[in-house]
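Engineer: These came from TrEMBL, pasted as-is:
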type	residues	note
DOMAIN	2-91	domain 'Pyrroline-5-carboxylate reductase catalytic N-terminal'
BINDING	6, 7, 8, 9, 10, 11	NADP(+) binding site
BINDING	52	NADPH binding site
DOMAIN	155-255	domain 'Pyrroline-5-carboxylate reductase dimerisation'
Ligand SMILES: NC(=O)c1ccc[n+]([C@@H]2O[C@H](COP(=O)([O-])OP(=O)(O)OC[C@H]3O[C@@H](n4cnc5c(N)ncnc54)[C@H](OP(=O)(O)O)[C@@H]3O)[C@@H](O)[C@H]2O)c1
């Protein structure tokens, strides 16, 4: 499969690296105007170019990872060079209907919300498309399944997906930072505290994804009656651990919706 990514910034470069490292038989081209920050991607076999239309007609999927205000300029450049393409957009706030109107009915608009963990094959990429385009969107879904998980969602949940999956990366990192700071207080140097905290989160996430159970079932397995874990958990909840996270996520969503 040939993948053409327009906008090799934080997200575009992460997706390109993820495809090159974690998926098989896919060729990636990634574009941006200033090539210097992504020229090293060539070492992974990724084609980097300033020309948004370079071999674009050969692409099976075109991915837009540009800012909302850059969309019209980019589309004006590429549309004359392509026919019958799937255009998968990660552009925040750009609806399928809006994108479809901009690109015309001969192309297929798909909306994707990956996160930068795509670079490590560990993105949670929510995907939405119109039901009539189910077959045409399949290649994009398969591509992102190779970069982590790729749940298909109702488009009306795309803002919520942005908060849970993209902003969620920052929320999870802040949890790890807090855990690490506590680790230093209880005796570890920061590097060891970070290693332990990050790996513990990874382990907990892997158990959940593998077992597909509810977190409380796993929590029950590590909370001995009268033990230190339940004492710590209850103290955290007393100080608003879960409720502050829930409130933060709802505030982010309010901010997106404006
Ligand atoms: N970062 C995330 O975690 C994340 C997650 C989900 C969705 N998103 C969405 O993805 C989009 C990109 O976000 P980002 O954080 O990756 O932004 P970013 O780092 O600013 O990347 C955008 C890239 O687009 C390039 N660009 C601008 N105009 C261009 C043009 N005419 N032709 C080709 N490339 C062009 C820019 O490079 P040059 O200036 O060198 O051209 C820049 O590297 C946004 O809409 C964002 O909301 C981001």
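Each Cβ is built from the backbone N, Cα and C atoms, and glycine gets one as well.
Automatic, uncurated: that is what TrEMBL annotation is.
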Engineer: Most Cβ neighbours within 10 Å: which of the binding-site residues 7, 8, 9 is it?
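Structural biologist: That would be 8, with the most Cβ atoms nearby.
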Engineer: Helix, strand or coil by DSSP: which one applies to residue 6 (NADP(+) binding site)?
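Structural biologist: DSSP call for residue 6 (NADP(+) binding site): strand.
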Engineer: What kind of secondary structure is the residue listed as 'NADPH binding site' part of, going by DSSP in three states?
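Structural biologist: DSSP assigns the residue listed as 'NADPH binding site' to coil.
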Engineer: Output the one of 10, 52 that, of all these binding-site residues, has the highest number of other Cβ atoms within 10 Å of its Cβ.
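Structural biologist: Compared across 10, 52, the most Cβ atoms within 10 Å surround 52.
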Engineer: If I restrict to non-local contacts, at least six residues apart, and a C-beta distance under 8 angstroms, what lies near residue 11 (NADP(+) binding site) in its own chain?
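Structural biologist: Result: 65, 90, 114, 115, 116, 118.
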Engineer: Under DSSP, is residue 11 (NADP(+) binding site) part of a helix or a strand, or is it coil?
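Structural biologist: Where residue 11 (NADP(+) binding site) sits, the three-state DSSP reduction gives helix.
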Engineer: Excluding near sequence neighbours, so keeping only residues 6 or more apart in the same chain, what lies with its CB under 8 A of residue 6 (NADP(+) binding site)?
Structural biologist: 12, 30, 31, 52, 62, 63, 64, 65, 66, 74, 78
Engineer: What are the other residues, in sequence order, whose C-beta lies within 8 angstroms of the center of the C-beta atoms of 6, 7, 8, 9, 10, 11 at the NADP(+) site?
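Structural biologist: Near the NADP(+) site, the remaining chain residues are 5, 12, 13, 15, 30, 32, 65, 66.
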